[in-house]
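**Student:** Annotation comment: TrEMBL describes C16, H117, D132 as active site. The feature domain 'Josephin' is assigned by TrEMBL to 3-169.
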Amino acid sequence: MSEGEVFHEKQRLELCAIHALNNVLQERVFTKETADDICKRLAPQCVVNPHRSVLGTGNYDVNVIMAALQSRELAAVWWDKRRTVQSLCMPKVQGFILNVPSRVSLGIVSLPLRRRHWLAVRQVNGQYYNLDSKLKSPVCIGGEAELRNALTDDITAPRSRCPPARCSL
């Protein structure tokens with residue numbers, strides 16, 4: 001990836017947690033295999049692992065994300081939604097991994113089901129980007145003020161306030 005490019009993994013199976021981790025780190029670090037290994041370490045005695053989908057398609061929980069970050073000497077800090085985003089100390093934040101509601105669809109048919117989806121937000125070259133793996137490309141949010149507004153409003157709306165980013169896989 002060259003300077004100025006924004007790394008953006010796209011959605012595959014139910015691997016949004018892996019995509020969010022890699023997107024927030026801005027490089028491909030984690031795979032399905034590494035996430036499955038973390039699941040086994042978290043629940044070594046379990047026949048059915050509680051930290052992922054029984055179908056083997058992903059759908060990893062927050063414990064996997066936190067363990068993955070710890071393996072890179074990073075820490076996830078829970079954010080209490082009752083606190084104002086103005087109290088965030090942005091210089092200490094490498095990125096955000098959000099768990100948001102997501103619609104379920106079969107092709108073009110939207111089903112009346114709700115699931116949860118992991119997505120990443122990260123600053124690259126002075127601008128914050130929504131790096132949701134379901135997006136075709138990164139969506140520029142803007143600077144710190146725009147990010148705080150987006151976090152206060154709804155980060156999942158793919159609205160761009162910046163020039164298009166060059167994208168790298």
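Just so it is clear, glycine is given a Cβ too, placed from its N, Cα and C backbone atoms.
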**Student:** Looking only at the domain 'Josephin' (3-169), report the model's average pLDDT.
**Tutor:** 85
**Student:** Work out the three-state DSSP category of D132 (active site).
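**Tutor:** Assignment for D132 (active site) reads coil.
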**Student:** Just to be sure I understand the packing, how many Cβ atoms besides its own are within 10 Å of the Cβ of D132 (active site)?
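**Tutor:** Counting Cβ neighbours of D132 (active site) within 10 Å gives 26.
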**Student:** Which whole-number value in Å describes the distance between the Cα atoms of C16 (active site) and D132 (active site)?
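**Tutor:** Approximately 8 Å lies between the Cα of C16 (active site) and that of D132 (active site).
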**Student:** Which residues of the same chain, at least 6 positions away in sequence, have a Cβ lying under 8 Å from the Cβ of H117 (active site)?
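**Tutor:** When sequence neighbours closer than 6 are ignored, H117 (active site) has C16, N99, V100, P101, S102, D132, K134 within Cβ distance under 8 Å.
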**Student:** Please classify the secondary structure at C16 (active site) using three-state DSSP.
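**Tutor:** Reduced to three states, the DSSP call for C16 (active site) is helix.
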